[in-house]
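Here it is, the structure, as structure tokens.
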Amino acid sequence: MGKHSATLCGLLVVVLCLASSLAQAQILFQGFNWESWKTQGGWYKFMQGKVEEIASTGATHVWLPPPSQSVSPEGYLPGQLYNLNSKYGSGADLKSLIQAFRGKNISCVADIVINHRCADKKDGRGVYCIFEGGTSDNRLDWGPDEICSDDTKYSNGRGHRDTGGGFDAAPDIDHLNPRVQRELSAWLNWLKTDLGFDGWRLDFAKGYSAAMAKIYVDNSKPAFVVGELYDRDRQLLANWVRGVGGPATAFDFPTKGVLQEAVQGDLGRMRGSDGKAPGMIGWMPEKTVTFIDNHDTGSTQRLWPFPSDKVMQGYAYILTHPGIPCIFYDHVFDWKLKQEITALATVRSRNGIHPGSTLDILKAEGDLYVAKIGGKVITKIGSRYNIGDNVIPSGFKIAAKGNNYCVWEKSGL
């Protein structure tokens with residue numbers, strides 16, 4: 001091999017290694033809460049002033065609220081999908097915000113609500129089942145043929161039976177309908193090409209089958225996908241991820257459930273009978289998004305909140321462990337935890353912790369959990385101060401600490 005060829009090969013190896021590292025170093029940031037739509041002047045404009053701070057947390061992706069016109073102000077009862085004038089701001093405001101995040105090398109993830117949809121008009125029978133897409137042509141202008149025939153609240157539907165769970169607040173859309181598949185796929189691609197979105201968060205993904213989600217993912221080719229399957233059964237989540245394929249991941253509700261109970265004096269639960277983590281990260285860490293709270297479980301809804309005095313123990317866990325961690329807006333800005341969260345995220349980045357990093361659980365007892373991640377980081381959570389001799393090897397130094405948590409990293413990095 002010639003000198004120049006060897007040099008080129010060496011450079012190629014370096015570039016490929018860097019690309020692989022960047023692809024693995026992912027932190028998702030949820031950029032809204034349940035009350036964000038109430039912000040005076042619009043949430044999108046308000047968020048322009050937060051881009052720099054969000055970037056400083058180490059976030060690589062930001063999850064934004066549902067983009068379309070909606071009957072509910074929060075965006076989860078969408079109607080005219082192409083109409084981007086919502087309670088969060090205008091389409092122009094949204095596009096400008098996405099560009100601002102892109103300027104900081106942060107990819108934007110759209111909250112995609114396609115299980116159900118609200119109609120604009122009644123038909124001749126007086127039933128709300130006539131949809132308008134928000135354009136001057138007939139794209140997404142649907143009727144009873146596009147509603148599931150077994151919808152319990154809108155039984156006037158003439159489509160196929162639902163492929164997933166029902167949703168009472170709005171008509172369930174027939175995802176087996178070729179027109180629905182074609183036009184929703186076109187809309188998703190429009191969100192990518194016209195707005196600049198790079199990925200999808202699939203709302204209420206239990207409402208339609210993984211096979212249907214796969215169609216939209218395959219047709220729109222997002223770089224990032226995470227499904228919301230509000231369930232503690234990790235087998236259900238694993239089956240969905242495998243069924244969708246490609247870049248699909250799922251929010252790790254099993255880990256949230258176990259962790260928020262374990263930090264209250266039952267940390268022995270953080271090691272399963274197989275010696276691995278008990279949540280989805282114990283099975284498919286590269287396909288898992290871990291989180292502490294979101295706009296449903298926390299915020300003002302508080303449907304399933306993490307213990308408020310132990311939130312930072314939760315972040316010490318997810319930000320140093322396998323999986324893709326998700327940081328919640330409220331904790332950074334409303335709870336004033338930005339400094340502590342950023343310190344943990346920095347440890348993650350500096351040590352190259354990625355979704356598939358190795359996890360060696362050293363201790364999992366009532367008031368103590370200790371684990372080594374990627375061979376470079378050791379994390380302790382729990383109230384016990386004395387963790388025992390020889391647990392922390394020589395050559396490790398404290399990198400981040402707070403109330404009942406501490407993180408060490410190898411010296412000399």
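Any Cβ shown, glycine's included, is placed from N, Cα and C.
Per Swiss-Prot, the feature active site, nucleophile maps to Asp203; the stated evidence is similarity to another entry. The active site, proton donor annotation in Swiss-Prot covers Glu228. According to Swiss-Prot, the substrate binding site annotation covers 76-77, 201-206, Gln235, Lys276, 282-284, His295, Gln301, Lys380, 385-387, Trp408. Residues or ranges marked as Ca(2+) 1 binding site in Swiss-Prot (evidence: similarity to another entry): Asn115, Asp162, Asp172, Gly207. The Ca(2+) 2 binding site annotation in Swiss-Prot covers Glu132, Thr135, Asp137, Asp141 and is backed by similarity to another entry. The Ca(2+) 3 binding site annotation in Swiss-Prot covers Asp151, Phe167, Ala170, Asp172 and is backed by similarity to another entry. Sequence annotations record features per position, and here Swiss-Prot assigns signal peptide to 1-24. Residues or ranges marked as site 'Transition state stabilizer' in Swiss-Prot (evidence: similarity to another entry): Asp296.
What's the neighbourhood like for each of these?
Taking Cβ-Cβ distances under 8 Å and a sequence gap of 6 or more within the same chain, the neighbours of Asp203 (active site, nucleophile) are Pro66, Tyr76, Asp111, Ile112, Val113, Ile114, Asn115, Glu228.
When other Cβ atoms within 10 Å of the Cβ of Glu228 (active site, proton donor) are tallied across all protein chains shown, the result is 20.
Within the same chain, residues at least 6 positions away in sequence whose Cβ sits under 8 Å from that of Ala205 (substrate binding site) are Asn115, Ala213, Gly227, Glu228, Leu229, Trp240, Ala250. Ala205 (substrate binding site) falls within a helical segment according to DSSP.
In the three-state DSSP scheme, Asp162 (Ca(2+) 1 binding site) falls into the coil class.
If you draw a 10 Å sphere around the CB of Glu132 (Ca(2+) 2 binding site), it holds 19 other CB atoms from the protein chains shown.
Long-range Cβ contacts of Asp296 (site 'Transition state stabilizer') within its own chain (separation 6+, distance under 8 Å): Trp34, Tyr230, Leu303, Trp304.
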For the binding-site residues listed here (Lys276, Lys380), which one has the lowest count of neighbouring CB atoms within 10 Å of its own CB?
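Taking Lys276, Lys380 as the binding-site residues, the minimal 10 Å Cβ count falls on Lys276.
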Taking each of Glu132, Asp137, Gly207, Lys380 in turn, which of these binding-site residues have a Cα lying within 10 angstroms of the Cα of Phe167 (Ca(2+) 3 binding site)?
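Checking each Cα against Phe167 (Ca(2+) 3 binding site), the hits are Gly207.
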How many whole Å apart are the CA atoms of Thr135 (Ca(2+) 2 binding site) and Asp162 (Ca(2+) 1 binding site)?
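The separation of the Cα atoms works out to 27 Å.
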Sort Lys380 (substrate binding site) into helix, strand or coil using the DSSP assignment.
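Strand, per DSSP.
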Of Glu132, Leu202, Lys276, Lys380, Ile387, which is closest to Ala170 (Ca(2+) 3 binding site) if I measure between C-alpha atoms? They're all binding-site residues.
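Closest by Cα: Glu132.
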